[in-house]
Amino acid sequence: MADSRETLTKKTFVTGFPVKHSRSPLIHNFWIKQFQIDGLYEAVERSPQNFPSFLESLKPSDRTYVGGNVTIPHKESAYRLADRPDEVADELGAANTIWVEDGLIHATNTDGFGFVSNLDDRHRGWDNTNKAVVLGAGGASRAVIQALRNRGIAEIHVVNRTVERAQELADRFGQTVHAHAMDALIEVSNGCGLFVNTTSLGMDGTEAPFIDFSPLDANAVVTDIVYVPLKTPILKMAEQQGFATVDGLGMLLHQARPGFETWFGRKPEVTEDLRSLIIADMEGHA
Ligand code: ATR
């Protein structure tokens, strides 16, 4: 008997714990509507305890979902439990995008792609430098460092409150990455063409300590992966000191593109309309 389910709506998901804050449903359903696809993207909350059985449930032929996104705190488990993680996920030890093929879970990580695509989109030529400084050494920092190294940035200085975590990243990503404690920030910023904040400093209206950006190259770009608020205290400070800035919202939008293309076979774009939709949601009136 032919499988009538093949003709049913293609379903995709984001899972996290909690997941209701996720803006991924807004992004993917915007594209689904734009392409007039018979598809759906929904938020599915799973606790860490229930996440493995959820992943397992994707494999059988009933195929409720064709794939989805995985967010905090499941990114590491998704990588570990996937049957076919790709090279990017392998190096990061974390996955944010999965899909099912022949009953196997494939996994990748598109955060780094989102990060560089946002810079390409908002400040073409940002990569015309061989030195970058990355503040922070958490999970988000890893994807940023990997993407910068893969883009060919020759010297990446990771500065972190806990220097051991920065050192772990330098060990993981090879000789282009150098670890430093906070007190080295000014010194290592010297001549850098890119400054990236990957810490939670300034998130959700919290204060951020003063940062002196003057040692950066005069044409440097300052970016923050925090996007709530859109103009973070760090971006404000950089702007006041005369530097070009790129906000972090585009990283969220661009990281969604490869997953959508894999699940639905269409190449979505990040447009001003999509950006406005997410901004309206952030402001509470989407
Ligand atoms: P994520 O996975 O989102 O990157 P994380 O792993 O908790 O989150 O990392 C948060 C980053 O913000 C870390 O680099 C953290 O520094 P430590 O490794 O020393 O904890 C940094 N961070 C958070 N609060 C900070 C603060 N008040 N001052 C300096 N760095 C801070």
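Here the Cβ of each residue, glycine as well, is placed from N, Cα and C on the backbone.
Unlike curated records, TrEMBL annotations are generated automatically.
For the domain 'Shikimate dehydrogenase substrate binding N-terminal' (14-98), the number of residues in each DSSP class (helix H, G, I; strand E, B; coil) is 31 helix, 18 strand, 36 coil. Residues or ranges marked as domain 'Shikimate dehydrogenase substrate binding N-terminal' in TrEMBL: 14-98.
Positions annotated as shikimate binding site by TrEMBL: Ser22, Arg23, Ser24, Thr71, Asn96, Asp111, Tyr227, Gln255. Just so you know, the Cβ of Ser22 (shikimate binding site) picks up 18 other Cβ atoms within 10 Å once every protein chain is counted.
Summarising the annotation, TrEMBL assigns active site, proton acceptor to Lys75.
Here TrEMBL flags Glu87, Gly136, Ala137, Gly138, Gly139, Ala140, Asn160, Arg161, Thr162, Val163, Glu164, Arg165, Ile225, Gly248 as NADP(+) binding site. A strand conformation is recorded for Asn160 (NADP(+) binding site) in the three-state DSSP classification.
For the domain 'Quinate/shikimate 5-dehydrogenase/glutamyl-tRNA reductase' (128-190), the model's average pLDDT works out to 97. TrEMBL lists 128-190 with the feature domain 'Quinate/shikimate 5-dehydrogenase/glutamyl-tRNA reductase'.
Each residue of the domain 'SDH C-terminal' (248-270) gets a DSSP state, and the totals for helix, strand and coil are 15 helix, 0 strand, 8 coil. Sequence annotations record features per position, and here TrEMBL assigns domain 'SDH C-terminal' to 248-270.
Same-chain neighbours of the shikimate site beyond Ser22, Arg23, Ser24, Thr71, Asn96, Asp111, Tyr227, Gln255, judged by a C-beta within 8 angstroms of the site's C-beta center, are, in sequence order, Val14, Asn69, Leu252, Ala256. Sorted by the number of other CB atoms within 10 A, the recorded positions Arg23, Lys75 start with Arg23, the lowest. Considering only the binding-site residues Glu87, Thr162, Ile225, Thr71 (shikimate binding site) has Ile225 as its nearest partner by CA-CA distance. Among the recorded positions Ser22, Lys75, Asn160, the ones whose Cβ sits under 6 Å from an atom of ligand 1 are, in sequence order, Asn160.
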